[in-house]
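Chemist: Dumping what TrEMBL says about this protein:
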REGION    1-20  region 'Disordered'
DOMAIN    25-399  domain 'Ionotropic glutamate receptor C-terminal'
DOMAIN    35-103  domain 'Ionotropic glutamate receptor L-glutamate and glycine-binding'
BINDING   Pro112, Thr114, Arg119, Ser283, Thr284, Glu335  L-glutamate binding site
TRANSMEM  159-177  transmembrane segment
TRANSMEM  233-255  transmembrane segment
SITE      Ile262  site 'Crucial to convey clamshell closure to channel opening'
SITE      Lys289  site 'Interaction with the cone snail toxin Con-ikot-ikot'
DISULFID  Cys348-Cys403  disulfide bond
Amino acid sequence: VAEWSDSDGLQQIPPNYKRIPQNTGFENKTYIEEPYLMYKKAEDGQILEGNDMFEGYCKDLADLIADNLKFSLIIKLVNDSAYGGKDPTSPVGWNGMVGELIRKDADMAIAPLTITSARENVIDFTKPFMSMGISIMIKKPMNRLPGVFSFMNPLSEEIWMCIIFAYVGVSVVLFLVSRFSPHEWRYEDNFMGPSASNDFSLHNSLWFSLGAFMPQGCDICPRSIAGRIVGSVWWFFTLIIISSYTANLAAFLTVERMVTPINSPVDLAKQTEVEYGTLMHSSTQEFFKLQSGKIPVYARMWEFMNSRKHVFVRKYEEGIQRVRESKGKYAFLMESTKNEYINERKPCDTMKVGRNLDAKGYGVATPVGSNLRDRLNLAVLTMLENGDLARLENKWWYDRSECKNGESKGLSFFFS
């Protein structure tokens, strides 16, 4: 393809798509990480070799791309087990898959490699085949089984103390009223002569108030106007308390309340009790470096993490394990797709909280100027439009879920 001009003469224009011979073999570098790429379990007597050794989202994606473009792919693992970050010790300034693509040790990288401006300067990316963002993973608050004193849960400790003081106070008032009211006294004749008696002793007053509170009633009742007013006020109070308590007891015994201490990046930034970190040499770590001077919340988070180097991990598995073993004292900042996948796997003890901190995507990477980039881009867009990418995500994320869907939400009852 060329064009002619009077000033420059004949100028050749490179075509947008260079023809790739069919059945050509290309080397694809990738990284072992669930559910993108995993070692396939061999059946009895089966020997797996080459690409058949692997399974996962990226394996299926590579097969679809190879079928679409009519060439073969050889899957090989990255040598230094890293995605690709700036590394001063590397001759090309980058490690991981990015470094190997810069050195042209591989033809492409089909992996969960995040598209960033820093990486785009040294390698090429296709359109995103998956969208996601940075999210927060914490340990799921555990449901507590009902205990001996679970019956007290519907009311707070302050309410229970007020009820006890009210019970004692009403009993004392009823006792004093009965002492001073002549209607509560009875005169009886016996062998020792006439005597005065009063049913509402301090003991009987306590018993009357307790019987009304249960409610079981009592053998004695006040006869004086003042005593009946005190008793009626107490009966109305117990009616409200017992009705409210009964309505909430069943809910508190069957549905445990789950209280999440961290719900957003702001919650993380304003406290120091719960530590948090990212994967080393990852796009998530780079995100906080770049945003630290622009957004105050992210600046505080980066300052916190950078002053505690132990919060960074070298592998996703290390960060996830730390969340599970930290008893709620560690939060892991990771990409939302990985977060959602882990939450669907046993032992089902992690959860994603809050919104995503940003929006980005995974793309197929190639060396700068590679003839494959445009063809790969077209293949990704085709699979996005015909639903192949959505089917792959459902297959590896949700169709194989090991956890029950839905979370229990407790009911709350407040007095003021």
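Cβ coordinates come from backbone N, Cα and C, glycine included.
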Chemist: Where does Glu335 (L-glutamate binding site) sit in DSSP terms: helix, strand, or coil?
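Modeler: Where Glu335 (L-glutamate binding site) sits, the three-state DSSP reduction gives strand.
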Chemist: Starting from the Cβ of Glu335 (L-glutamate binding site), draw a 10 Å sphere and report how many other Cβ atoms land inside it.
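Modeler: Glu335 (L-glutamate binding site): 24 neighbouring Cβ atoms within 10 Å.
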Chemist: Helix, strand, coil residue numbers for the domain 'Ionotropic glutamate receptor L-glutamate and glycine-binding' (35-103) per DSSP?
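Modeler: Result for the domain 'Ionotropic glutamate receptor L-glutamate and glycine-binding' (35-103), in helix, strand, coil order: 24 helix, 13 strand, 32 coil.
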Chemist: Averaged over the domain 'Ionotropic glutamate receptor L-glutamate and glycine-binding' (35-103), what pLDDT does the prediction give?
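Modeler: For the domain 'Ionotropic glutamate receptor L-glutamate and glycine-binding' (35-103), the model's average pLDDT rounds to 90.
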Chemist: Starting from the L-glutamate site formed by Pro112, Thr114, Arg119, Ser283, Thr284, Glu335, give every other residue of that chain whose CB sits within 8 Å of the mean position of their CB atoms, in sequence order.
Modeler: Tyr83, Leu113, Ile115, Thr116, Ser282, Lys360, Tyr362
Chemist: For Ser283 (L-glutamate binding site), which residues of its chain lie six or more apart in sequence with Cβ-Cβ distance below 8 Å?
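Modeler: Once residues fewer than 6 apart are set aside, Ser283 (L-glutamate binding site) is near Tyr83, Thr114, Thr116, Arg119, Lys360.
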Chemist: Show which residues of the chain containing Cys403 (disulfide bond), separated from it by at least 6 in sequence, have their CB under 8 Å from its CB.
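Modeler: Non-local contacts for Cys403 (disulfide bond): Asn343, Glu344, Arg345, Lys346, Cys348.
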Chemist: In whole Å, how far is Pro112 (L-glutamate binding site) from Ile262 (site 'Crucial to convey clamshell closure to channel opening') when you measure between their Cα atoms?
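Modeler: With distance taken Cα to Cα, Pro112 (L-glutamate binding site) is 27 Å from Ile262 (site 'Crucial to convey clamshell closure to channel opening').
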Chemist: Which ones in the same chain are close to Thr284 (L-glutamate binding site), with CB under 8 Å and 6+ residues apart in sequence?
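Modeler: Expected: Ile134, Thr278, Leu333, Met334, Glu335.
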